[in-house]
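Below you'll find the structure, written out as structure tokens, and then a few comments.
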Amino acid sequence: MTHYEGDLRPTTARFVIIASRWNARITDALVTGARQSLAGNGIGEDAIDVVRVPGAWEIPMAANRVAQGGQHAAIIALGCVIRGDTRHYEHVADLCAEGLMSVQLQTGVPVLNGVLAVERVEDAEARAGGSHGNKGEECALAALELVNLMELLP
């Protein structure tokens, strides 16, 4: 039996962070966390690109274009959708996640979903460097691990 598992060793691969501008205070903290996490694991600033889009709805489109470009080994998608008084929140959060999954399955480029879908702004703050950590950091680590794993898989 062969066992395959990625790790956090530095790679020469390029990474891209695609982040929404909507709820900027939260998404900026997620982007900072992702960049610091990659840098802390040996990925140079010149190997990290950041793409900003208006909102979470636009993230899958940008991810698809980037994945098809073939220059990045992994995509880190970051955003924040906070429930409001209408069902719009559900449509945006669900279809964003579905779109990101579709991009990675169709292109073979790992797409890490760090788009927060939360009830309240306090929930987002807790996940953007607060009591629940930083989901940007977590997605960056998962991206690095997946890039290394993809190199190992037959």
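Heads up, the Cβ atoms here are built off N, Cα and C, so glycines get one too.
Taken verbatim from Swiss-Prot:
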- His88: active site, proton donor (ACT_SITE)
- Trp22, Ala56, Trp57, Glu58, Cys80, Val81, Ile82, Asn113: 5-amino-6-(D-ribitylamino)uracil binding site (BINDING)
- Asp85, Thr86, Arg127: (2S)-2-hydroxy-3-oxobutyl phosphate binding site (BINDING)
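Following the DSSP three-state reduction, the secondary structure of Thr86 ((2S)-2-hydroxy-3-oxobutyl phosphate binding site) is coil.
Trp22 (5-amino-6-(D-ribitylamino)uracil binding site) falls outside any helix or strand according to DSSP and counts as coil.
A gap of 11 Å separates the Cα atoms of His88 (active site, proton donor) and Trp57 (5-amino-6-(D-ribitylamino)uracil binding site).
Per-site Cβ counts within 10 Å over the binding-site residues Thr86, Asn113 peak at Asn113. Taking every pair among Trp22, Ala56, Trp57, Glu58, Cys80, Val81, Ile82, Asn113, the residues listed as contacting 5-amino-6-(D-ribitylamino)uracil, the largest Cα to Cα separation comes to 16 Å. In the three-state DSSP classification, Val81 (5-amino-6-(D-ribitylamino)uracil binding site) falls within a strand. As a whole number, the greatest separation of Cα atoms within the (2S)-2-hydroxy-3-oxobutyl phosphate-binding residue list Asp85, Thr86, Arg127 is 23 Å.
All chains included, 25 other C-beta atoms sit within 10 angstroms of the C-beta of Val81 (5-amino-6-(D-ribitylamino)uracil binding site). For Ala56 (5-amino-6-(D-ribitylamino)uracil binding site), the Cβ neighbour count at a 10 Å cut-off comes to 28, with all displayed protein chains included. For Glu58 (5-amino-6-(D-ribitylamino)uracil binding site), the same-chain residues that are 6 or more apart in sequence and have a Cβ closer than 8 Å to its Cβ are Ser20.
Remark: of the binding-site residues Cys80, Ile82, the most isolated position is Ile82 (fewest other Cβ atoms within 10 Å of its Cβ).
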